[in-house]
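Visitor: Could you have a look at this structure, given as structure tokens, before my questions?
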């Protein structure tokens, strides 16, 4: 036997088994070789596979396994030692790689599994998001519906349209079967079915308001699910086969105008609600969802607001119509009143004219008759006629005036006038009568009484004349005192407040007489027209009784007050009146103490501390001039001779008053000497003013030629001196004070 | 302060002073003088007036001396005296005195001694009369002030 290095297989060669093993190994090898190929192919296809090197490892493992099995094919028969060696190497390698792969898989597989779990998680999340999105979408849809509904509801201000639209839109949005609105009746005790969407309802279908289900709904602002069998929901004929859909009811507050206070938003203590009932279609398995309920609540609120807007609008329209009617009526009334007044005025004017003409004739001819030769009885008769007709003429005037005063068509004619002069003139008018009756009249004008005032001169004269005339008329003896002053406050009547404003003041005039007096009980009647006190004394003095009434009207027009005080019969009386007058801008200014006219420089407004020198030989005269200047605030030095004057005069003195009484030239010399003294300091020379009793031109010329700055006529009044000083200091020359 | 007494006194004062004006003793200048009297110079009028009366007395004395001897009349002096007197009286508003002075001056100009003497006498009489009257007036003023009232302003027209 040849010795060969071959290895004998362990077992005897069983032909069939061997064949099968051979085939299996073959196929295993093929499979083992093809798996990596497939893997490589598919991995190349896929983009994401994180563990490539694992594949390599795996591939190697499989290839080696395949190789092992392949090589196994040769070991079935007798094989050389090389084959056995290769076989062993392959097996060893395969073992190494397999173990390495096994070890690695321990790491890899958990990772792969976690990938799977992550995938599962993400899938769940995606499902959840899908659900949520579905929800949001429905909500958004609901919101859109609400907006649309609101828009529809608010686009009209007509109550019926609002309600109808609400029902229609709600029905559409929520796909309702029926929608109904119950409104409270006027009595508030019942709810009446006012609007439905589809079904016709019987007229006057009411339901008492005190039902528990209704109370339940009214008690909350949320939409409440109610039973389909409740009276408010039973709107259609009940038929057994219907499975009634769910019903929801919500309250709609009806707000009134009076509920809208700015400070607190209306508490819903109104207790007036309407009821909105919504029914889902029967036979559907639909349920009320939360978002649908919310929609219903929102809509109910909106409807409430829209209804109140509509109500407000209705109110304002009604009010406006009412106002227009009233306007028209008022206009008509006004026009009628105007026509009436005009007619009355025309009548009065015409009658007045018609009455005056014959009156005129009577008066004129009677006066003429008086001038002719008459017997005493005739004269008496004519005088009576004249007196009566004069009286009648006055009466007519008074009546016309009074009627115009009463209807307010009389207006004051304002103008500027001299108040002091007015008083004097009135007194002059009355004086003749007073003198005849031996009643001295004293006028006392307050020193602060403005001279130039703005007011109705004619009417004021009338008032004063009337009052003073009454005083004279009703006094038999004694005297009459007329006082005029400026009053500031505290008048007699408590409801009449005197407030002196800038350019106005209140003039108070008091007229006191020592005549017959008046019974205090009669005082209120004095100012009423045509009323006269019954005493004989007054009866005989005549008069229409209108004088005081007219005066009172005028005083009232001048925003004043008039009253009479009397201590009783025989004790005389005092008539007092206040009237408001304006202060005239112009001439008063120069008469007031020290206030200059506007263009004057302020330093001359005040003479305080103004140093002046007075030269006068006559002691008395000197003292008087000094007193005058001291009163104006100047600092006065006096000298009694020209020499003394020259000695004393200095640049501190602003003005030198020198008395020039003697006609000689000597006095004028002093002026020249003063000029000499100040030749060097021209601007410091004091102003020189001559005081003289002579006002003729020669004196003036002489003064001018001797360098005097001004001439004053003695005696100088206080006002005069004031004017002169301010003029002098302003213009540094004065030749007008003559 | 009893208001009725004060009112009464004031009424009296008013009436008196009005009467002086009405009778021609005083003219407007006197009221101007009264205007110059205020809180700072409460006795102004009485001071001026007393100075005037002193002046009058002095001047009249001098003038009477000058007019004493008929042959030796210094008319210049008299004239100056009259001039002074006229000035003083017009300064205080002594109307009567002033008027007499005017006629006095005329007499002086024509050097009529008799006339001057007569005028001098008249002047003397007038100023003394005025002095008495004014003294009464001032007394009334004092009474009013003592009773606590104020001197009323009187406007003479």
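All residue numbers here begin at 1 and follow the chain in the order shown.
Keep in mind that glycine also has a Cβ here, set from the backbone N, Cα and C atoms.
Sharing the feature lines straight out of TrEMBL:
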BINDING   A:65, A:69  Cu cation binding site
BINDING   A:470, A:471, A:472, A:473, A:513, A:529, A:544, A:548  ADP binding site
CROSSLNK  A:714  ubiquitin cross-link
DOMAIN    A:350-585  domain 'Histidine kinase'
DOMAIN    A:611-729  domain 'Response regulatory'
MOD_RES   A:659  4-aspartylphosphate
TRANSMEM  A:20-41  transmembrane segment
TRANSMEM  A:53-72  transmembrane segment
TRANSMEM  A:92-113  transmembrane segment
Visitor: List every residue in the same chain as residue A:513 (ADP binding site), at least 6 positions away in sequence, whose Cβ is under 8 Å from its Cβ.
Guide: A:439, A:471, A:472, A:474, A:475, A:478, A:480, A:572, A:573, A:574
Visitor: Just the number: how many Å between the Cα atoms of residue A:473 (ADP binding site) and residue A:714 (ubiquitin cross-link)?
Guide: 43
Visitor: Measure from the Cα of residue A:65 (Cu cation binding site) to the Cα of every one of the recorded positions A:470, A:548, A:659, A:714, then give the nearest.
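Guide: Its closest listed neighbour, by Cα, is A:548.
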Visitor: Would you kindly list the residues that approach the transmembrane segment (A:20-41) from elsewhere in its chain, counting only those six or more residues past its ends and only Cβ-Cβ distances under 8 Å?
Guide: 55, 58-59, 62-63, 65-67, 69-70, 72-73, 76
Visitor: Given recorded positions A:471, A:513, A:714, which are under 8 Å from chain B when comparing Cβ atoms?
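Guide: Filtering A:471, A:513, A:714 for a Cβ under 8 Å from chain B leaves A:714.
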Visitor: Under DSSP, the domain 'Response regulatory' (A:611-729) has how many residues in helix, strand and coil?
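Guide: Its residues fall into 56 helix, 25 strand, 38 coil.
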Visitor: If one looks at the chain holding residue A:714 (ubiquitin cross-link), which residues at least 6 apart in sequence have a CB under 8 angstroms from its CB?
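Guide: Within the chain, residue A:714 (ubiquitin cross-link) has Cβ neighbours under 8 Å at A:621, A:659, A:691, A:692, A:693.
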Visitor: Does anything in the same chain, at least 6 positions from residue A:470 (ADP binding site), have a Cβ under 8 Å from its Cβ, and if so what?
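Guide: Within the chain, residue A:470 (ADP binding site) has Cβ neighbours under 8 Å at A:547, A:548, A:575.
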Visitor: Would you report the average pLDDT that the model assigns to the domain 'Histidine kinase' (A:350-585)?
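Guide: PLDDT averaged over the stretch: 78.
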Visitor: Check the DSSP secondary structure of residue A:513 (ADP binding site), expressed as helix, strand or coil.
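Guide: Going by the DSSP assignment, residue A:513 (ADP binding site) falls within a strand, counted as strand.
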Visitor: I'd like the number of other C-beta atoms within 10 A of the C-beta of residue A:471 (ADP binding site), please.
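Guide: I count 26 other Cβ atoms within 10 Å of it.
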Visitor: Helix, strand or coil at residue A:473 (ADP binding site), per DSSP?
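Guide: Residue A:473 (ADP binding site) sits in a helix per DSSP.
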Visitor: I'd like the number of other C-beta atoms within 10 A of the C-beta of residue A:65 (Cu cation binding site), please.
Guide: 21
Visitor: Which chain-mates of residue A:69 (Cu cation binding site) that are at least 6 residues away have a CB under 8 A from its CB, listed by sequence?
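Guide: In sequence order, the residues whose Cβ lies under 8 Å from that of residue A:69 (Cu cation binding site) (at least 6 apart) are A:25, A:28, A:29, A:32.
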Visitor: Using all protein chains in view, find how many other C-beta atoms are within 10 Å of the C-beta of residue A:473 (ADP binding site).
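Guide: Other Cβ atoms within 10 Å of residue A:473 (ADP binding site): 19.
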